Amino acid sequence: MSKNSFYKKMIISVAGAALLSVGVTESTTAANNVSAATVKSAKKVVAKTKVVGATSAVYKKAGKKVVKTKQTISAGKKVKTYGKKTIAGVAYYSIGKDQYVKATNLDGKNRQLAKSVALYTRSGKVIKHSKLRKGQSVKVYGTAVTIKGKKYYSTGKGYVAVKALAKKVAEEVPNNKANTPATDTNKPADTNKPAENTNNSSSNNTNTNNSSSNNSSSNNSGSSSNTGAGNTTTPVDTLKDTKTAATKAIDDAAKATKDRISKNISLTDAQKTEANKAVDDVVSQAKAAINNAKTIEEIAKAQKDGVANVNAKDTTKPGDSLEDQKLMAVGVLDDAANEARVQIISSSLSDTDKAKAIDAVNKALSEGKVAVEQGNTVIEVLQMKAQTVARIKQQVPADTLKEAKTAAVNVLEDAANEARLKITSSSLSKADKAKAIDAVNKALSEGKVAVEQGNTVDEVLQMKAQTVARIKQQVPSSTEISLEEAKATAIETIEDVAKSAKGKIGKDLPEDVLAAENKVIDDAKTNAVEKINSSKSLADITAAIASGKDAINLALPKYLAESEIIGAASRAKTSIGKDNVEGANAIDKVVETIKSKIAAAKSTDEISKEVESGKQAITNVEEIAEIKQTAKGEVDDAVTAAKERISKDIVLNDAQKTEAKKAVDTVATQTKDAINNAETAEEVAKAQKEGIDSINAKSNSISEDSLKVLKNVANAAIDRAAEEANVAINKLTDENDKAIRKELVADAVKGAKKAIASASNATLIESLRSTWTGTIQNLVTVSDAFKEQRTLAHNLISDVKESVLKAADKLADDKKQAAKDAINNAFTSAITAIDKATKPAEIKSAREGFFSAIDKAIPVADLQAAAIDEITTEASVAKIAIETNNNADKNDRKQLVDDAFATAKKAINGATNAAMVEKVKNSWIGTIRNLTAVENPLQINRINAISDITKFLDVLNQAINKVSGVNQTAIKTVLDGAKATAIAAINSAKKLSDVEVAKNNFYIAVDGLSTSLGFKDKVVDQVTADITASVDRSNTKALSKLTSDEDKTYKEQIANKIKDIQTNVNTDLKSAKGVSDIAAINNKATLLISIEQRKANVITRINRYSKANTTGDANKIKQTAAEFKSKVMNAQSHSELKALQASAEADIKAITPSK
């Protein structure tokens, strides 16, 4: 098995196992699906299998024309055809239902080689063992494509240069008879006119009547032909017809040229107008030349020249259009990927590393094809192609053999340059110098081939040594070297190198880009020439040649590398925002550093490494700039919150508030300076935390007078709650129950006021007021207060028992067991007494007896220490919870926890018995826990984001089910992978912006897939259908229940609102640019419709609540229901509707009969 065959089999094996390339999968899917799609439509047409000779676009019909689809079929693929069809003057093969490829890409045409040549890959590299001999016939396909500035035809197995093909007759002499009317045999014939066109086999359209144009005039009895020698007069009617046909040919060429100019998307409207004017000028000149012609030969020449001049005004040559460039770019990427895979397979990497490298190649190939397809101009396509080829090449590991070959070729070229200098400067004759230089060139060329074919480093070194020796043999033994001649020869060498470097510049670039790239090479050449001219010896000249060659060959890569770095920096600046001046300055510093490193690079590999490290450095700066911007935003939020607290301080006067706010601004400025000077994310976080803590300290220190006022307000609220509770309790009929409830209310009031008295800040006071007010109100609604008191006593004693047992564990060994026994005995006695109690006093007595026993069993100091330990643990857990919740006010909340802990510790140390210790401890534990009882917006966003992605994936899957001609299972697998990646990123998000980034990345992935496979329209259709179905459900379910006259108005309002939402969706979907836009439109519409549906459901429930209250005041019920319905119609969210529903139920149920 040959080495190449082994590599090919290895590539196929890896591709089959790992699904190496999305692009390959798409292409083969397109080819394999063809027959399945056509069996139904082919009817009696017999399918014929053909091989695709040139990478072909797949077309579909659009009216009387065809349009190109996203699908392509690579050269070498087999397809089944179902007959040939001419559409808009172009021949196509049908390969499936509404699928066509150009016939020229399958049929090909036989051409003869004018010289021996090799075949080339799409990227311009010679294919080994592919030499074709002069005179050999070769079949070429499609139109010519441009590779490195030259035209090539595809042969199905590689590309052959157009210049190597023998010219056809049609290319040398236009067949002017093809469009000329048949000669009238009843008119005098020009017997002196040559008959070269009558037997022209290259013309398929020649009229058969022309075959008689050279017959003897004697066959026509009415002939008046002049047969005398020298008679060249052409009959007037024949000249007129020929001129008419020639004029038509000029018009046809002009029309075709103008059509191509019109379709050239790289031209501006002004440029198109100018080009069309140039065509008109040439047409006028051509028609004038035709009218002035005196013979058919002159007409033919005027027509030929005119058509050529018209065609020359067309800037779009075959293969240069946007679509052709995209096809060619895809071919180049496929070739680069295949070559990279072969190099990876043949490298010394481990199997695991080979698989990783091949995966990276496939990823670069797939993303590159998408980028090429999305290109809007030829320039963009060429840039994406170049960038992707570079990415693919980066995946190939550094190879010692490859490096040895490169070094060897450099040595051979240096040896050849030195030999040429010596030969040129020798005393040999001009003819002998030419022979010697030819021998050097031959030795160099053959030596390079030998080096390239070397399979080991040793073989390469051996070939290098042999070739250097051969080159040196061509130099005369005695040479008198003239320095000036040596310099002249060296300059010629440099000029050749520069010319070669310029030849690698793309010819389709804009003029300004082309000029800039040529300039960097010219500058390098100028520097090299200056070094040569200043050389003092042959060694100096040789060194100048070597350094000059390197500088010239690296000039363009360095220029492009700098451009890439500048582009990356520009994108980074855009990302961080134009207002982020500090970030932009940091990016500029990195760019300058990387530019200096690129300038010092000695090879393209070094340049590539510097570019990659530079882009990573820019990314790092971009990230730290965004982190700094976010940190400064949080500082601004802290400033806003601090100033709000200062504004609400009821004791401070306006001057004091202004001074306090000024102090906050000073701290904020210092904090932002510290953030700007930070060099790492950790330093930014530290500066941010310290700054926000200082800002909070400037606003949390509320005055004692303010605290006193706030505490009085809170105590008044507690008293009002107790008063209202006692009024409600007095309405109860069970005296025992009333007494219990009142006792509990009184205890709660005492506990609340005690806690409020020890609070140290406004937020804590408000928290305590809210908690204790709720506790007092609950004492009214509890069903069995005595049972509740018994349960509370049970729970209290049980909790205290566990707590004091832990305290007993810390006593000395000789006291530990006795204390535990006393506690357990006291617990058993208390539970028994509570269970037997018949009135509150007995429960109270049992509770007090339990605490008295504990006081005797364990010293109060030990109980205080145990309680403080519990409070300490509770405070730590609370702060962790607050940090995890990532609330905007987390620093404030953690400070409140610290304040509460300090106050609780002080209160516990002031308690004189077990009961007081336990009461204080439990009260403050409740307060601390209350400080963490807030919603976690990060978790809510995570849940909502995952829900949005999951729901929209269902929409995508339904849409994909309706897409034909694609591998639906493969697409869904890719989408599932994108979903899994997004959910993992969402779940690990540390801030709200991370959730949004993860969600947006999912939609970007879907956008890319949608663009490459073209199923965006199906997604739009699916969303439209889903919204319509949702509207229909609203009409048949939620709205159908609003049947009363008073509810008809609400029903119409809700129905109209839903209709407006549906109309807006249809309008927005038309302007959606991608799947992410469609998802946003879908999510918004779904939410808005669900809110309207819920309004109808809440109104229905309000009707049920009204109907259920059969004893209340009917007018009051009706009025209350109407008020709530009005509020429902104005609601904007689900949470608001939920709250209104609960309030309506409570209020309507509470309505009693009228007195």
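Quick reminder: no glycine exception, Cβ is built from N, Cα and C everywhere.
Remember, TrEMBL labels are computer predictions, not curated facts.
Worth saying up front: this structure is predicted, and the values here are computed from it rather than measured.
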Suppose you had to name the range TrEMBL annotates as coiled coil; which of 43-70, 715-742, 799-826 would you pick?
715-742
According to DSSP, how is the domain 'DUF1542' (404-478) divided among helix, strand and coil residues?
62 helix, 0 strand, 13 coil
Averaged over the whole of the domain 'S-layer protein C-terminal' (103-162), what is the pLDDT?
84
Close approaches to the coiled coil (715-742) from elsewhere in its chain (Cβ under 8 angstroms; 6 or more beyond its ends):
748-749, 752-753, 756, 769, 772-773, 776-777, 779-780, 782, 784-786, 789, 839-840
If you run through the domain 'DUF1542' (628-697) with DSSP, how many residues end up as helix, strand and coil?
61 helix, 0 strand, 9 coil
Could you put numbers on the helix, strand and coil content of the domain 'DUF1542' (242-312), residue by residue per DSSP?
63 helix, 0 strand, 8 coil
